[in-house]
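As recorded in TrEMBL, the features of this protein are as follows:
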- A:6-23: transmembrane segment (TRANSMEM)
- A:30-52: transmembrane segment (TRANSMEM)
- A:58-75: transmembrane segment (TRANSMEM)
- A:96-117: transmembrane segment (TRANSMEM)
- A:129-146: transmembrane segment (TRANSMEM)
- A:153-173: transmembrane segment (TRANSMEM)
- A:179-197: transmembrane segment (TRANSMEM)
Amino acid sequence: MNLVYPLAHLMGGVILLCAFSMLSQRRLAAMITLYQVQALTLSAAAFWQGFAQGAGDLYLTGLITLAIKGILLPMGMRQIVQRFNMVRAVETTMPVGLSMILGVGLIGIAVLVVLPTTVSAVSLTREDLAISLSVVLLGLLVMTLRRHAIAQVIGFLSTENGLVLAATGMPGMPFVAELSVALLVLLAFLVIGVFLFRIREHFDTLDLVGIEEIERRGR
Amino acid sequence: MNLCLPAVFLPLLAAPAMGVFGTRAQGAVANLVLNVIVFGFTIAVFFGPGSGLIHADGLGMIFGVLTSFVSLMTALSNLSFVWGGNEVLSLRRWRVYHAMCQVVLGSTLLGLYADNIGLLWVAVEGATIAATLGVSLPRTASALEAAWKYFILGGVGIALALFGTMLVYLAAQPALGPGLPAMSFAALTEHASKLDGSLLTLAFVFLLFGYGTKAALVPLHGWLPDAYAEGPIPLTTALSTLMLNVALIAILRYRHLMQANFAGGGGALQPGVFLLTLGLASLLLTAFSLSRRRDARRFFGFSSVEHSGIAVFAFGIGGAAAIFGGLLHMLVHTLVKSALFQALMRGAALRGSAAPGNYGFSHLRGMVHSNKYTGWLLGACVFALTGLPPSGLFASEFIIISQTIQRDPYVSLPLGLGLVLCAVAIIRNIGPLVFGHAPPHTKHQKAGIGINLVGLQLVLAFMVAFAMPWFLLHSLSSVAAALQ
């Protein structure tokens, strides 16, 4: 029995489910865990596609995803959440039920847009593309519905997972590993940006020069 | 010989070193020297455009020279910015600042020379990160806020553009098969009519919104005025104007793919409507928001939104002449904007400091009382932005309007309305800014020799529009004909 389709679809489904559950989560810690599960599944999907397509650089993509997005980024974000005591941050602009209805609508739109336009493409790519477009749109929805900077970043990270999922599903696309590294640089800067932003709010000073001064003098 | 490679990679490779070593002054000098070398290379590219992943076509050559020229002018005026003690930054941040100037230059050139849709995307992404870091450098609350906005909006745009890029690759599968050719602009253009039309249309929507964010088209323009208003002025305004060109050129190239596919019966929609809508929205929204701005950098940031909109509008009209007009508009606008921001910087320096926050119109008013020459030049730059003759922008706007009347007469009315409203909003500021009552305790000061750079760029903008050298005319019109 050919396992390529069922397994690829199963992992795509898990990724989509994680993206969708982010809409309903109110706690940052839970969102980070969901993101971690999503990233781990994504790395498994990349390995599987690499195996199925016989493409070596997809293994590299999977490895990078596993190490940085599956382990390092969630660790960093947990640090930030704990350090600035934001575990129970609840800031949604809309009731959870309504946002989930919107999410379902977006998934419907993604499927309705992608499936008819890709009749000529390979069927694996088609469905992968529909799933990844849904993940991208859901991530953007999370970004618009949350006010919290770190929740917005998690939304963006989820969007980015959708992009990498689409890239791994493209038949023989060159530069997938390079593109995912380029995306990672952006993500790293985002997380660092949140950190700086938090520091500013935490210390309630407008200029970080003061903080650097304090650090140099050893507090 | 491929001379694009040194032009792109010299600044990119030099940037890490500049981020780690050197004093403030050494950084500024190294920045200048690198710019001179890169300027030489971009001219030499005409004789060695190369081939492969990174090579220069006609469009890349022309805008490559423009980019490195404006960057060189910025590096020159950066000397006085650095020595003037305008911005209070720690040594580490000065190093980052100069490194980011180089990264923006290198990525912009990469975006212009890349013959690969993935590489183009990487270039735009790199330039975005560098510019965002630049905006955040002063570390004030407003600067961090602007940087955050830029990052989030730019990030979303970049994500959408990547999705569109992958869809283009997928659309090319039936014609070109898996592998590198399906990502090359040259190969895609050659087989444009055989691409999957409906996928290409879907891709174009993502690309338009993705690169449209970088080109600051309404409703995706939110980051631009903030980003322009904060951060060190040479990096965040002058060099950022160059990045708009990369995004606009990306949109132009993809538009051509769509148009060729449509004309060849590939089943894609005609791209004109999308572009006309976004272009007009940018123009009209700016027309109404210009009159309410009090900060000069924010004001001229909105004016960049306007001119991006005009260029996209011209691409939407289509046809060789309108594309020519749009490209000419981009060339002239880049030169005028660069001149204007340098004049603003020198004007603000005469009034104390060129750090962000000192660019309120109330702070800058009556510039002739500080220095006559600077005041007149500043007035000339602002006037040039209105597009009234003898400004160089008059020539390009005239071409665009006459083409609009010929091809799509109904949209010429809103276009004309938007242009007039913008011109009125800009021209209202010239009087107070140049001749008005200066703030109390304003003394007459010397301007320094660098102010002549502003005049030089204005003259060049005039020449490009009204006395274009024959080789530029020839290559620009053949580029426009190929992309119609």
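Keep in mind that glycine also has a Cβ here, set from the backbone N, Cα and C atoms.
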Proximity of the transmembrane segment (A:58-75) to the transmembrane segment (A:30-52), 3+ C-beta pairs under 8 angstroms: yes
Intrachain neighbours beyond the transmembrane segment (A:6-23), with Cβ under 8 angstroms and 6 or more residues off its ends: 31, 34-35, 37-38, 41-42, 44-45, 48-49, 52, 96, 99-100, 103, 107, 124, 127-128, 131-132, 134-135, 138-139, 141-142, 145, 154-155, 158, 161-162, 165, 169
Stretch of maximal Cβ-Cβ contact with the transmembrane segment (A:179-197) [cut-off: under 8 Å; candidates A:30-52, A:129-146, A:153-173]: A:153-173
Long-range neighbours of the transmembrane segment (A:96-117), counting only residues six or more past its ends (CB under 8 A): 16, 20, 23-24, 26, 126-127, 129-130, 133-134, 137-138, 141, 145
Cβ contacts under 8 Å made by the transmembrane segment (A:153-173) with residues that lie 6+ beyond its boundaries: 8, 12, 15, 18-19, 22, 28, 31-32, 35, 38-39, 42, 45-46, 49-50, 53, 55, 58, 61, 65, 69, 73, 77, 122, 124-125, 128-129, 131-136, 138-143, 146, 179-180, 183, 186-187, 190-191, 194
Same-chain residue ranges lying at least 6 outside the transmembrane segment (A:129-146) that approach it to Cβ under 8 Å: 9, 12-13, 15-16, 19-20, 22-23, 91-94, 99, 102-103, 106-107, 109-111, 113-115, 118, 121, 152, 154-163, 165-166, 169
